Amino acid sequence: MASCISSSSFTVNVIVALALLVVFTGSSSAKLSTSFYSKRCPKVFSAVRPVLINAISKAPRLGASLLRLHFHDCFVNGCDGSVLLDDTATFQGEKTAPQNNRSIRGFKIVDDIKTAVEKVCPGVVSCADILAIAARDSVVILGGPNWAVKVGRRDSKTASFKDAGNDLPVGIFNLSALISNFRNKGLSPQDLVALSGMPLSFSQSWLLDFWFSTTIYGKNPLNQEQGGLSRLFLNVLDNFKCQINVAV
């Protein structure tokens with residue numbers, strides 16, 4: 001197994017991986033900017049952080065849950081807040097899709113953050129942006145890297161149970177299926193490792209070890225070549241896992 005390398009390389013990998021979420025702008029597409037709310041809601045970032053600090057101090061796992069919630073929102077029709085919508089008479093939402101049902105969590109804290117933001121600037125900040133900010137702040141609070149969050153997303157008024165079921169990766173996927181699933185979104189195997197491993201790395205390191213052992217190195221139909229990956233790339237994965245465990 002390759003030896004662990006510097007945590008500075010880990011930080012770069014994490015920031016690049018999380019920045020990939022911008023790829024999924026979809027129907028929320030707008031001109032994103034770090035200064036989007038500088039005049040209309042200059043206190044938005046300072047309103048979000050205290051709510052998260054209080055919540056994560058009581059339940060550290062919540063930080064990983066919020067990062068995962070943002071990821072699942074972005075993977076289905078863009079970062080548009082649609083994962084937050086309940087079913088209505090006109091559509092069945094994403095919450096109850098098999099990959100989300102009883103799996104994603106953090107909705108209560110998102111509501112609490114929204115309440116805090118509404119107090120400083122009512123009717124201005126989108127829920128999609130709140131998810132993006134909360135994901136970044138959760139990583140930082142848990143000791144991960146910081147990055148500038150571009151905001152200006154629009155909230156969706158609808159959600160799709162069908163699209164969530166078709167688009168989101170399924171827990172029983174082997175490595176080959178996961179690579180294909182991410183490739184459909186224009187993402188590489190390296191992106192898969194980064195985006196799939198990150199929520200686990202900020203939850204418990206043993207979960208990350210389990211994910212790598214079963215999904216990357218586990219028994220699967222493509223056993224001989226470890227799911228079709230080259231030995232060189234397996235060494236890259238070893239390094240990536242070591243970097244995450246160093247940072248946890």
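Glycine is treated like the rest: Cβ placed from N, Cα and C.
In the disulfide annotation of TrEMBL, CYS121 is paired with CYS41 out of the candidates CYS4, CYS41, CYS74. Comparing Cβ neighbour counts within 10 Å across the binding-site residues GLY78, PRO169, the minimum falls on PRO169. Mean predicted confidence for the domain 'Plant heme peroxidase family profile' (31-248): the pLDDT average there is 80. Within the same chain, residues at least 6 positions away in sequence whose Cβ sits under 8 Å from that of CYS121 (disulfide bond) are TYR37, ARG40, CYS41, LYS43, VAL44. Taking CYS79 (disulfide bond) as the reference point, none of the recorded positions ARG68, GLU94, PRO169 has a C-alpha atom within 10 Å of its C-alpha.
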